[in-house]
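Noted in TrEMBL for the protein shown:
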type	residues	note
BINDING	183	heme b binding site
BINDING	184, 232, 235, 240	Ca(2+) 2 binding site
DISULFID	27-106	disulfide bond
DISULFID	60-65	disulfide bond
DISULFID	112-310	disulfide bond
DISULFID	190-222	disulfide bond
DOMAIN	17-314	domain 'Plant heme peroxidase family profile'
SITE	54	site 'Transition state stabilizer'
């Protein structure tokens with residue numbers, strides 16, 4: 001409760017409508033329903049958790065946490081899924097299954113944006129990471145922002161552009177380093193880091209911040225650009241602090257990972273060292289940063305809608321949901 005009070009003070013009146021008990025009366029079993037579906041998805045696809053948390057990140061980073069990332073092309077909708085930052089994003093069918101289970105018990109009540117926020121939390125918790133109380137009350141956007149999706153943080157970016165993109169959303173260097181820790185599980189396609197193997201940035205040499213032994217392992221594993229490689233070569237399917245110890249050993253997979261530790265004089269170096277020192281330290285900060293990110297410009301009250309079909313606004317996807325408060 002102290003943590004939630006702190007968060008309320010931190011974000012002020014603009015987030016006052018988001019609460020942890022928003023669905024206590026209208027969909028009291030919501031956490032259990034979502035957790036069951038997340039566990040089922042992970043049992044059949046070990047990458048499911050990483051897919052779900054990526055959707056929540058990419059949703060919040062484009063016009064706020066409003067479910068817009070899930071909208072497919074339709075009249076008047078130029079899907080964010082077509083944006084450069086979402087190329088290759090997967091897991092819509094997992095979101096569909098979660099939403100269907102929620103709709104079965106609580107029809108027209110829970111927004112897709114809230115489903116994403118809760119599914120991300122359950123994904124981390126199920127795979128060994130921290131738990132936190134998700135604040136609810138987001139509503140779903142009736143628009144998408146393809147241009148915004150083109151500007152999502154890139155795996156090729158250096159530190160300053162990354163920091164600017166986070167700062168634009170009210171997230172500081174600590175949030176950047178903590179949220180990047182989600183790369184402690186999941187996979188990346190080789191096309192997003194193979195440029196580090198040779199002629200890095202036109203130098204004719206490999207990326208000097210990539211451990212040579214690790215580079216050779218990656219080169220052997222990358223059959224082609226579509227091959228997927230573990231973000232964490234040590235414990236790839238467990239949510240733990242090894243992301244940071246990998247950075248300290250020059251074994252960050254993406255350029256956007258390794259620059260957090262290898263940029264000379266960067267304030268992020270101390271943060272990597274601190275979060276990598278103890279798992280509890282990482283987990284505490286990850287909770288705070290996830291709550292902070294999950295409250296970026298939500299639609300609340302009479303804004304937006306409660307989509308029945310997360311891929312379509314209600315006129316195209318079925319009857320409208322109803323207000324719950």
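Note that Cβ sites are derived from N, Cα and C of the backbone, with glycine treated the same way.
In TrEMBL, annotation is done automatically, which means it is predicted and not curated.
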Other than 184, 232, 235, 240, which residues of the chain come within 8 Å of the Ca(2+) 2 site, judged by Cβ distance to the Cβ centroid of those residues?
185, 234, 236, 238, 239, 241, 242, 243
Measure from the CA atom of residue 183 (heme b binding site) to the CA atom of residue 232 (Ca(2+) 2 binding site) and give the result in Å, rounded to a whole number.
7
The sparsest Cβ environment within 10 Å, among the disulfide-bonded residues 112, 310, is found at 310
What's the number of neighbouring CB atoms sitting within 10 A of the CB on residue 190 (disulfide bond)?
20
Looking only at Cβ atoms, how many others are within 10 Å of the one on residue 184 (Ca(2+) 2 binding site)?
27
For residue 310 (disulfide bond), the one of 183, 184, 235 that lies nearest, given that the binding-site residues are compared by Cα:
183
Expressed in Å to no decimal places, the gap between the Cα atoms of residue 27 (disulfide bond) and residue 183 (heme b binding site) is 32
Of the recorded positions 54, 184, 240, which one has its Cα closest to the Cα of residue 112 (disulfide bond)?
54
Give me the CA-CA distance between residue 184 (Ca(2+) 2 binding site) and residue 222 (disulfide bond), in Å, as a whole number.
19
Surrounding CB atoms that lie within 10 Å of the CB of residue 54 (site 'Transition state stabilizer'), all protein chains
21
Ten-angstrom check, please: count other Cβ atoms within 10 Å of the Cβ of residue 27 (disulfide bond), all chains counted.
19
In the predicted model, what is the mean pLDDT computed over the domain 'Plant heme peroxidase family profile' (17-314)?
97
Out of 232, 240, give me whichever of these binding-site residues has the highest number of other Cβ atoms within 10 Å.
232
Show which residues of the chain containing residue 183 (heme b binding site), separated from it by at least 6 in sequence, have their CB under 8 Å from its CB.
231, 232, 243, 253, 254, 257
Near the Cβ of residue 60 (disulfide bond), how many other Cβ atoms are there if near means within 10 Å?
29
